[in-house]
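OK, Swiss-Prot features for this one:
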| type | residues | note |
| --- | --- | --- |
| COILED | 999-1043 | coiled coil |
| COILED | 1227-1255 | coiled coil |
| DISULFID | 21-158 | disulfide bond |
| DISULFID | 153-187 | disulfide bond |
| DISULFID | 165-246 | disulfide bond |
| DISULFID | 284-294 | disulfide bond |
| DISULFID | 329-354 | disulfide bond |
| DISULFID | 372-425 | disulfide bond |
| DISULFID | 384-564 | disulfide bond |
| DISULFID | 894-905 | disulfide bond |
| DOMAIN | 15-296 | domain 'BetaCoV S1-NTD' |
| DOMAIN | 327-566 | domain 'BetaCoV S1-CTD' |
| CARBOHYD | 31 | N-linked glycosylation site |
| CARBOHYD | 60 | N-linked glycosylation site |
| CARBOHYD | 435 | N-linked glycosylation site |
| CARBOHYD | 530 | N-linked glycosylation site |
| CARBOHYD | 657 | N-linked glycosylation site |
| CARBOHYD | 665 | N-linked glycosylation site |
| CARBOHYD | 737 | N-linked glycosylation site |
| CARBOHYD | 754 | N-linked glycosylation site |
| CARBOHYD | 893 | N-linked glycosylation site |
| CARBOHYD | 1190 | N-linked glycosylation site |
| CARBOHYD | 1225 | N-linked glycosylation site |
| CARBOHYD | 1246 | N-linked glycosylation site |
| REGION | 17-330 | region 'Receptor binding site' |
| REGION | 870-891 | region 'Fusion peptide 1' |
| REGION | 889-909 | region 'Fusion peptide 2' |
| REGION | 970-1020 | region 'Heptad repeat 1' |
| REGION | 1214-1254 | region 'Heptad repeat 2' |
| TOPO_DOM | 14-1265 | topological domain 'Extracellular' |
| TOPO_DOM | 1287-1324 | topological domain 'Cytoplasmic' |
């Protein structure tokens, strides 16, 4: 929505009667026509509309620059308004009040020759701003006395601003009549610039970027030069050309012109000469020719075929839309309000349809931290939301840790629950203590019902923050005064129930000490003292004299709505139609092609149109109220055949027909001169002459097609662009067969002529188990001398483990590569039904992809298979659990949920009639009704009391039986427990005796073992002496040599194993690479290689996981019959030009040379599609080198000689190892008596097993469904009606008898006799 100056901002703009502004009496309400559209277009070829980049000079360069430029070929709008002595109120609103967006380019006419003598302004003033009030900056470009006065100030614009060509009229010394400021306003720029007053027109270039405003100027139709730039830090949203008030000179025509066209961010190609002057410019997205120039970065591109991607495929512009001039949300004002709630009564406020600046907000409240949940904090800046809700409260100093996500402290369990599933940000900030008053309020209604008072319970400390430690919920029947010793009207009592707070809820109530509740006067209700409310605590919020506050910012509807952050907000841009652009429409992003349409199906609150698939299909611009359709950008290839002598190229939209090209605005040309469909796609700007053939072609389009251009054809035929699409045939087939010779002779070859479907299964190993080795343990075991000498081998063991780790890493990397190849682009599916019967099973691909989804842990026997009553039944029924000694379940099975069968399902227990002791509400009502009826109308209704009597008696029997079983079980438990205690005591005695005997024997053996150890020490001392003698006799060199020999042998074996591991890993690496290659070439695509994916020509391949590898199933067609043909590797035409076949052979067929494919014999004529032209018929020969492997075997020395070299005689002295076994005391224990006693105790414990009578627990539902209540209600109504007429007819209701009138008179005699009969019968 566009904002008109005074109509929407009366507090900011000039007021009526201000001597600096025009009076309303000098205005009128005449309508004004729309701005005129120029016939002149923006011609950027000479640099018009461009500008010299600040602080940069380019010499003799052609380069691409991205900036804010007009669209080449766009038109101007004249926004100048002329007045004499009055202005029109309609001048100050759209379409003359416009959106500034990225910027504007203006061409302004110099009116010096038309203005009266003494005039100081030769063109209107332009103002650029947002609110045009004293709180925002406004850019003013105003002419005065041959200079340009540029100012950026916080002006207050008049209600009816204008530019006067002679401001000194009537003694008014003001420069301009457009602002009301008496005192100088706040300015960031005020400068004057020289103006060439003799120029025909002035050219201005205004744009904004990153909060900075840029102004450029020129006095001739060329590139503009830098005027000034100023950082404003805000977005300028609109501009206005002030009306030009002037009385022209006599006889002159006065028509001010202020031509304006919008700027957009686009790419231009510039050419700079040796002086750094722009000599030519090209808008890269304006035409196909300009796109080719930008692609080649040349103003004169050469002849060729170019693949276009900038304009037709990739977005080349941006359409950005936000609702303009929304009010500020003022979230910071609410966050910094003096009254701050406690966690117990946290507050929420929702903001919608407004803007906020998150950076300013954080600075304003002096934020300490900001953490976001389910969204990156950086993504909040610049986003739009449906609405924003903010919850805040003061934080007790000791409970800050409770506000961490997932914490279960007091603040989150009993005060405020943070919703971890919501998109939100948690803000911690502080306020000075003098600006904060804590509002401690208990929101509980049931606490206040019994006398809760905030100040009386919590106190009045300004910075104490109250929080609940536990919350309680109560039923409506709860009364804390229901005690026998307290006078109170309470008659029933239910206990409070502890509860946690849910998301968005407050604490339901604090705990109550019921002993402190009561009232001497029962008519004044139940009142609790202040000290009776418990379960809360308090702490100060102050840290360093600042109160800590928590705010939870809930972000609702991300990327939708009109509640936007202005931190990274861009200015609105023009809606560019007909090209592929990126768009951001009120937070909805994407890319597409816009086309303006007339649509009446948008409601006033609707802006976006979607299709049935949820894709954005249309858009209504709130700024201009125009409607657009949005089509997807063309994602194919566009080939442009460009000839340097032609003004435009011929186009080929590959793989797409022309109807789609023009219906989706892919082409820039709405009505091209000519176009047609070919088998390559849509051809534009060329004639269809594919029936003609050319031997030479400069613009080859592929597939044997050529674009030919002729300047003469374009000149003589006005309906032709000069391009034509023809067939490219570099030679004539008949000429080939007349003068052709085979290159390098003829060869016989068998070529397939018939095929069958083949099936091939293949396993490729891609991984193996990992191996690690403890090198020292493998070589030396636990031998210390060996380990010491092994150190001399250096890093051999370290290298072993390094090699094994390298092998393991290699296996891991190959496994990741294989998994990546499988997961990218492999569509896994089962075999489709094909009507072929037979034992063919679907392939199970689940091991390949693993378990996906929430059904992984569920099966038919899992949680999903559990069955029970429905949720509706659980809602309509209450559950009651009964002790069942054997008849409750049988009773329930008999009734089947029909409570009227109560007495029909009486059970028998040990000969006694019993019923379950619990009755539902409906059963109680029924039996009560029967008992009441029996008491009211005896003896006729006495029978109605029989069911009640029987029910009571049977249920009393049920209670008695249950109590009897429980009593018998209690006696059995007591008896068995006593027996068990006796047996346990006896078992402990026997165990104590046995342990005594064991102790004496163990002590004796310990002494004997001590003697044995002394003897062993002596013997092993002798052994050590002998070994020492042996080592002394052996030379140190010989001992090391023996150890070294063993180490060498084992290291050799280990080295061989490591070599084998390396070799195996190399094989696995090769096979894994082959598996990846087969996945990519066989599974994801169809290969042309023979016998690579199965046997024969590949059709289809499937892959499945297997232990340590992949299992492939290939389908291919295998040749079953062949023909023998004479083939040639090439042909020589006329002895100077050669031909080579493409993916096939040249064969002789009936004496004529033809081409056939290598996989199937099918002779066809030789064309450029199946052959390649060579410059000569020469053949190059290469001889392969002769390389042979070395087959010599090494000759090692004789083994016996090497053994004798190291063998030495050894002598050993055996030590005396005899032991004195006589000193060992071998004692046998006799524990038979103690074991028997323990066995008896165990037997008694076993006999104490309690065989209790089974008492089950049965769960029954006691509430009837709604339809049963309906039937009971209808029956009750019927009974009441019946009783009413009985009372009338028997005279029992005299009042009713009088009201019935004549209705009952005719039965009066009969009624009296019945009454007398009843009385007499009763008296008898």
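Even glycines carry a Cβ here, placed using N, Cα and C.
Tell me about the setting of these features in this model.
In the three-state DSSP scheme, residue 158 (disulfide bond) falls into the strand class.
Annotation note: residue 187 (disulfide bond) sits in a strand segment as assigned by DSSP. Of all Cβ atoms in the protein chains displayed, 13 besides its own lie within 10 Å of the Cβ of residue 187 (disulfide bond).
Around the Cβ of residue 284 (disulfide bond), the number of neighbouring Cβ atoms within 10 Å comes to 21.
Here residue 329 (disulfide bond) comes close to 351, 354, 355, 356, 388, 563: these same-chain residues lie at least six apart in sequence, with C-beta atoms under 8 angstroms from its C-beta. In three-state terms derived from DSSP, residue 329 (disulfide bond) belongs to neither a helical nor a strand segment and is classed as coil.
Of all Cβ atoms in the protein chains displayed, 20 besides its own lie within 10 Å of the Cβ of residue 425 (disulfide bond).
The Cβ of residue 564 (disulfide bond) lies under 8 Å from the Cβ of 322, 323, 326, 355, 356, 382, 383, 384, 385, 587, each on the same chain and at least six residues away in sequence.
The number of other CB atoms found within 10 A of the CB of residue 905 (disulfide bond), across every protein chain shown, is 18.
Taking all protein chains in view, 10 other C-beta atoms sit within 10 angstroms of the C-beta of residue 60 (N-linked glycosylation site).
For residue 435 (N-linked glycosylation site), other Cβ atoms within 10 Å of its Cβ number 12.
Under the three-state DSSP scheme, residue 530 (N-linked glycosylation site) falls in the helix class. The number of other Cβ atoms within 10 Å of the Cβ belonging to residue 530 (N-linked glycosylation site), over all protein chains shown, comes to 14.
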Hey, what's the Cβ neighbour count for residue 165 (disulfide bond) at 10 Å?
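Residue 165 (disulfide bond) is surrounded by 25 other Cβ atoms within 10 Å.
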Which one, from the disulfide-bonded residues 246, 294, has the smallest tally of other C-beta atoms lying within 10 Å of its C-beta?
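Result for the disulfide-bonded residues 246, 294: minimum number of other Cβ atoms within 10 Å at 294.
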Please work out the mean pLDDT for the residues of the coiled coil (1227-1255).
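So the average pLDDT across the coiled coil (1227-1255) works out to 66.
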Within 10 Å of the Cβ of residue 372 (disulfide bond), how many other Cβ atoms can be counted across all chains shown?
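I get 17 for this one.
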Radius 10 Å, atoms counted are CB only; among the disulfide-bonded residues 158, 354, 384, 894, which position scores highest?
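Answer by Cβ density within 10 Å: 158.
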List which of the disulfide-bonded residues 165, 246, 425, 905 have their Cα within 10 Å of the Cα of residue 893 (N-linked glycosylation site), in sequence order.
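Passing the 10 Å Cα cut: 905.
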Tell me which of the recorded positions 60, 372, 435, 754, 905 ends up closest to residue 187 (disulfide bond) in space, Cα to Cα.
435
By Cβ count within 10 Å, point out the most packed of the glycosylation sites listed: 754, 893.
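Within the set of glycosylation sites, the most crowded position is 754.
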Please tell me which one of the recorded positions listed here (60, 372, 435) sits closest to residue 246 (disulfide bond), measuring Cα to Cα?
60
Secondary structure at residue 165 (disulfide bond) (DSSP, helix/strand/coil)?
coil
Near residue 153 (disulfide bond), how many other Cβ atoms are within 10 Å of its Cβ?
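Result for residue 153 (disulfide bond): 20 neighbouring Cβ atoms inside 10 Å.
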Please give me the CB contact count at 10 A for residue 657 (N-linked glycosylation site), counting all chains in the structure.
14
